[in-house]
């Protein structure tokens, strides 16, 4: 029987990417979709396959939600916190698929990334688990790149430095970044065409503008354009940011590892728009040749691609501009460190709105539709 699927939060960045991917893969032909809204119930919904979806449902109407076989939400944590307990307390037996972090670490929830943990997902389904949550964006992208090493139990620990896109913070932050860029350009646009101006004169104007009271800072609170922000999410008692804490906590839950893999690092916001990049220092638990490491990585899933460690291939393939709006997971700069042959460095890039957010949700929906 074709399943009824309630879709909530489809207007945001993750939700919009999800709808786009579902149309590309003809997923709507397999379900009966119902579009919900927290603010515009009764109005027109999205256009799917050139057909306008009419009469949006009220996303706070528990009775309507309970009629769904599956609910997939990209509405955010506050919505999940308000609605999910009410549904479960009313004995709703449907499947809940969620992009928000609220339920990730709950015992009765499974973090989904099926190219990496399909066995964990299937075991959860066999046990009657009905709550499935997308992972943290950097964690999911790391596992898509390093999955072969993880599933073959070759890693002792990982230290990661992230270079995270503005979109990871939300659409308002992307807009603010672009406004910051525009503001800086506007103050020097004429100077850039005047050869009498030195670079230092231009730099001074840019710096002064970024420090001015009129500079757009409502969301980031500090400049990101021409700068970076070495802190993401709230502060933990041990000195980590919560974003850094998620690396170890979520990875071990996703893989359901018996022996915990230690993961730590520093998470940094940069002025990329969609793609997160990550630099890894990996301690292997045995000495494996670099060629075997490459084979293990590339054989893990169809999306990961090992980029040869040379300048030209790296510049062409291992950047946010090359990867944005694709499902590609390039990994490069692979080399053994001079510290010891069991130490490996690597660098990877991935679109945080695709494998980092929407794609695992879409694929989980398809797993449930085919049950």
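Glycine is treated like the rest: Cβ placed from N, Cα and C.
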### Site-mate of 243, 269 for substrate in Swiss-Prot, selected among 164, 180, 208, 312
164
### Query
How many whole Å apart are the CA atoms of residue 75 (NADP(+) binding site) and residue 104 (phosphate binding site)?
15
### Message
Please report the Cα separation of residue 246 (phosphate binding site) and residue 137 (active site, acyl-thioester intermediate) in Å, rounded to an integer.
### Response
10
## Note on the structure
DSSP output for residue 269 (substrate binding site) maps to strand
### Summary
Ordered by sequence, the long-range same-chain Cβ contacts of residue 13 (NADP(+) binding site) under 8 Å (at least 6 apart) are 167, 170, 171, 174, 353
### Message
For the C-alpha pair, I'd like the distance in angstrom between residue 137 (active site, acyl-thioester intermediate) and residue 104 (phosphate binding site), rounded off.
### Response
13
### Message
Around residue 269 (substrate binding site), which of the listed binding-site residues (11, 104, 168) come within 10 Å, judging by Cα atoms?
### Response
168
## Note on the structure
One finds that other Cβ atoms within 10 Å of the Cβ of residue 269 (substrate binding site) number exactly 25
